[in-house]
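**Student:** My structure is below; once you've seen it, I'll send some questions.
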């Protein structure tokens, strides 16, 4: 499926301009075609080449993808380089940006989708990697977001996102998710940013609160395994392709199909071989 690319500059309550990149499917002969929406959150480097290609990949499957440049509080929409200086700047901004500003970014992305003529006006999914995985997780606090696929989300277990480094993402998401919302969380067992104890904390908290989720720990996969350049030796194409299967299964089921109202079926499952 062909795609088109553009961007929208949106004013925030912080007196800044949020640039939101838009990747849309294009089907020859069907200029009025409409598609579900996806919010794509980047790493600490803003919308880099790997993030852009990830957005294009999702759009090519028939989704309108919006990708915000999240550091509008401090800089323009340009991407930070994958070097020491870019990493230091990205990590600095990550904990200087108010949590409320992250949430406003998410609201503005949802609002923009509903203004786009190619959006079907129904359901939205979210995804992202690293910092973006956390933001995709937190995006579920907006009930317009039906599902999320979060790649190696950082800082959820440590509660260190945003100004003051004291976020409430895990607590709020685990308590506030609706029956029609769900998520996929994907980590590598060799991820040095989210240790086994941190992964266990996330999984147990979600399970204890009855959240609908899939939790993957991929043997030997490292942090940033989805980044197809400047990954510092961690990119794994085969694992990335496998994980996209989970993403598209969730998006196709939750965003494309009209499931109707949720009905809680407590019928015990039959124990069969």
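Using N, Cα and C of the backbone, Cβ positions are placed for all residues, glycine too.
The annotation active site is assigned in Swiss-Prot to 130, 191, 223 on the grounds of similarity to another entry.
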**Student:** Distance between residue 130 (active site) and residue 223 (active site) at the Cα atoms, whole Å?
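**Tutor:** Rounded to the nearest whole number, the Cα-Cα distance is 8 Å.
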**Student:** Can you give me the Cα-Cα distance between residue 223 (active site) and residue 191 (active site) in Å, rounded to a whole number?
**Tutor:** 5
**Student:** Within 10 Å of the Cβ of residue 191 (active site), how many other Cβ atoms are there?
**Tutor:** 22
**Student:** By a simple count, how many Cβ atoms lie within 10 Å of the Cβ of residue 223 (active site), its own Cβ left out?
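**Tutor:** For residue 223 (active site), the 10 Å Cβ neighbour count is 21.
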